[in-house]
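**Student:** Residues or ranges marked as active site, proton acceptor by TrEMBL: A:E326, A:H327. Per TrEMBL, NAD(+) binding site is recorded for A:Y129, A:Q190, A:N213. Sequence annotations record features per position, and here TrEMBL assigns substrate binding site to A:S236, A:Q258, A:H261, A:H327, A:D360, A:E414, A:H419. Marked as Zn(2+) binding site by TrEMBL: A:Q258, A:H261, A:D360, A:H419.
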Number of protein chains: 2
Amino acid sequence: MIRLDATAPGFPDAFTALVNARREADDDVARNVTHIIRRVRDEGDAALADLTRLFDKHELDTTGWAIDRAECLAAWEGLPDDLRAALELAAERIAVYHAKQRPEDRDEIDAQGVRLGARWSAVDAAGIYVPGGRAAYPSSVLMNAIPAKAAGVRRLVMVTPTPNGEVNPLVLAAAHIAGVDELWRVGGAQAIAALAYGTQRIAPVDVVTGPGNAWVAEAKRQLYGVVGIDMVAGPSEIVVVADGRNDPEWIAADLLSQAEHDPTSQSILFTDDAAFADAVAAAVEAQIPQLATAATARTSWDANGAIVLVPSLSDAIPLVDRLAPEHLELACDDAEALFAQVRHAGSVFLGRHTPEAVGDYVAGPNHVLPTGRRARFASGLSVLDFMKRTSFLALDPAGLAAIGPAAVALANAEGLPAHAKSVALRLGKG
Amino acid sequence: MIRLDATAPGFPDAFTALVNARREADDDVARNVTHIIRRVRDEGDAALADLTRLFDKHELDTTGWAIDRAECLAAWEGLPDDLRAALELAAERIAVYHAKQRPEDRDEIDAQGVRLGARWSAVDAAGIYVPGGRAAYPSSVLMNAIPAKAAGVRRLVMVTPTPNGEVNPLVLAAAHIAGVDELWRVGGAQAIAALAYGTQRIAPVDVVTGPGNAWVAEAKRQLYGVVGIDMVAGPSEIVVVADGRNDPEWIAADLLSQAEHDPTSQSILFTDDAAFADAVAAAVEAQIPQLATAATARTSWDANGAIVLVPSLSDAIPLVDRLAPEHLELACDDAEALFAQVRHAGSVFLGRHTPEAVGDYVAGPNHVLPTGRRARFASGLSVLDFMKRTSFLALDPAGLAAIGPAAVALANAEGLPAHAKSVALRLGKG
């Protein structure tokens, strides 16, 4: 963890270094992923079987390629009551929030008699990636699958690695409540390639979303254009802007809730109170050893954590904008006023009683958010990622007479005579 | 050009071959582009000067790096009156159409007292690429720049190659009317890299859009994630669905308006009338020699053109959906009924008096559209490409008491104790 003081002489350079620090995996990965993608494209299921044997240590022909919906239902029914109720509450709230994101169609006729419109529709099929092992999160299943269903996707396919053949019942239960239609036991770059190109068993999809390790992220990047993807995801981050009247234990837990995700995660506190900064730093040290995730949290906090002292909380906001954080907590009295100054953040948590973790699970908005400063231009996952817009146009002879001559003039100026002719003929001037 | 009959025995395979035909440039390009991007990232303006000398045959230090706004104004004032009026009409209609795409913010409080919202904002800076040479289209300047301005982008940067140092006055005039803020005389993959990473002279931007050759498209693909991009663009295509009561000359011109763009463009006619198919094929042959773009149109039509005979126009629609064309004309009486059946198309032109070319210039909707079957999942350029959404959340103690315990249960089930603690502490249960 580094401590910075925004009024110290070396601050601008030190903060720039913090902004520009690359925490993302570098790439021999890219070459390996290219090779895996080619194999799956050319060899299909045979490549999936080989790569699953290699990476996940099981035989798909023995363990089974697919997990059927009855298994998901059984996992759902086998959950402890409190967990089933929690997943149900989360699914319901996520569904309500995302249903309201569905865009409206347009269809209007303007003063020239030109009919102009736009019609939104869902993609036919979507694939969601769910990591295995440490990051096998049922909440991610909900956050990816429910927006797809809210968009109207007819075929929703989930892929997830099952290392050593072991399935995660929580993930299956989440797939049940989220309405996943197909579930395949494949993971890694090979699973993304299978979704993009299709194999003998797995029909291709139109959009692939979901978190994954560096190989999965690189496969999505390389296959962007063959399929739609949500975003290139990098390590997670949280920025907390807090005054001295917060409980330092609460803020320490918030910082650690990001640090415990991954050694590359980042947690940054901005505060205007030096004593509070000390108290939070101490609370972090006290809490880490209590966590089952202590090793990860320790590495992340030591390597990437930061506490920045600012003259006032307002002074933090331009610095926050440079970081364009995935998550931003504004833990102060008039959080609204600070929020009005923020330009770039994936998701913002207002006030002292809105820990980021509540947004990870049950609040309703999506927890798949732009990382690595991409909130400058990107948004969280939404129904829009599973939909596309078809614009349309209808002219009658009068409408074409009104605007067609300008099209002819521009087409000729651009040296495109067939463009001009297609309009001019209909104007009786061909 | 190939002729297919949907009722013939070999049709399914022949049509599948048509759908799967790759018309996109293959890639040693990728390796060269990677190298160019690294050079620009590491060497900045020096690399731009070298690469411009190599590819565009001029010295930036002599010809000038930037084109200032006074030059754009002068180009605008120097236009013939009819062209200036045509650009003005186009700009006005495009601005009106795109202004209506601005999404609405959300801010609501639900039954549990949880405040949920989403706030849209423009990116700080956008870059638009405008090709030089054959494809230097003022209409592309309008179609890329005006949505950025409608989104509220503060800094709009244009890059365009000026081969041999020659600028295109039409492009400068369009930059004037569209409100471009900065204009740099660089092109190719090196210009995209400069926009993404910034150089000594050119500050980086957040989003890069605009058409380009295979090198530009590959640079955008490789830099996706460093900046936002609109879409990986491939060769252009048109599908026309027409009954026998159209003028074959009109339909032939429509097909050629796509074929004249590029040798890799594709034009496909579906009709239920064999005699009409013959008449269109003959009209295409008659029109090609009259075009200044004859060589390009000839190559494109011969290599990629198709006429498909279908039993009825409705039978064409599932085939059209497999092509997911960039442009789709429905030239028949009840175009509306056919359109209702279409699932995948970038932009649709309804009725006999709506040639695609009118949409290229003056109708209002964007002419930057998904190509190469990407209308299955992608949309045309819009203000959304220049905006991002920040979700937000505010809970009070009662709201957190209502939904917080479910978050604690899920966080514990996922093995993320700091997540659980950050909520539980605020519930007095830490």
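Keep in mind that glycine also has a Cβ here, set from the backbone N, Cα and C atoms.
Describe the structural context of each listed feature in the structure shown, including burial, neighbouring residues and relevant distances.
**Tutor:** Using a 10 Å Cβ-Cβ cutoff, A:E326 (active site, proton acceptor) registers 29 neighbours.
In the three-state DSSP classification, A:H327 (active site, proton acceptor) falls within a strand.
Within its own chain, A:Q190 (NAD(+) binding site) has A:I36, A:R39, A:V40, A:A47, A:L48, A:L51, A:T52, A:F55 as residues 6 or more apart in sequence whose C-beta sits under 8 angstroms from its own.
Around A:S236 (substrate binding site), the same-chain residues at least 6 positions away in sequence with a Cβ under 8 Å from its Cβ are A:Q258, A:H261, A:D262, A:S265, A:Q266, A:E326, A:H327, A:T371.
DSSP assigns A:Q258 (substrate binding site) to a helical segment in the three-state reduction.
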**Student:** Between A:H419 (substrate binding site) and A:N213 (NAD(+) binding site), how many Å separate their Cα atoms?
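**Tutor:** A:H419 (substrate binding site) to A:N213 (NAD(+) binding site), Cα-Cα distance: 48 Å.
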**Student:** Which three-state DSSP class does A:Y129 (NAD(+) binding site) fall into?
**Tutor:** strand
**Student:** Between the two most separated Cα atoms in A:S236, A:Q258, A:H261, A:H327, A:D360, A:E414, A:H419, the residues recorded as binding substrate, what distance in Å do you get?
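**Tutor:** Per the listed residues, the maximum Cα distance equals 56 Å.
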**Student:** Max Cα distance spanning A:Y129, A:Q190, A:N213 (NAD(+) binders), Å?
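**Tutor:** About 13 Å separates the two most distant Cα atoms.
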**Student:** If you count other C-beta atoms within 10 angstroms, which of the binding-site residues A:D360, A:E414 is the most crowded?
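**Tutor:** Top count of Cβ atoms within 10 Å goes to A:D360.
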**Student:** Across all chains shown, how many C-beta atoms besides its own are within 10 angstroms of the C-beta of A:H261 (substrate binding site)?
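**Tutor:** The answer is 26.
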**Student:** Would you say which of the recorded positions A:H327, A:H419 has the most Cβ atoms within 10 Å of its own Cβ?
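**Tutor:** Output for this query is A:H419.
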**Student:** Validating a neighbour-count step here. Other CB atoms within 10 A of the CB of A:Q258 (substrate binding site): how many?
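**Tutor:** Excluding its own Cβ, A:Q258 (substrate binding site) sees 31 Cβ atoms within 10 Å.
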**Student:** Just counting, how many other CB atoms are there within 10 A of the CB of A:N213 (NAD(+) binding site)?
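**Tutor:** The Cβ of A:N213 (NAD(+) binding site) has 19 Cβ neighbours within 10 Å.
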**Student:** Which state, by DSSP, holds A:Q190 (NAD(+) binding site): helix, strand or coil?
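**Tutor:** Looking at the DSSP assignment, A:Q190 (NAD(+) binding site) belongs to a helix.
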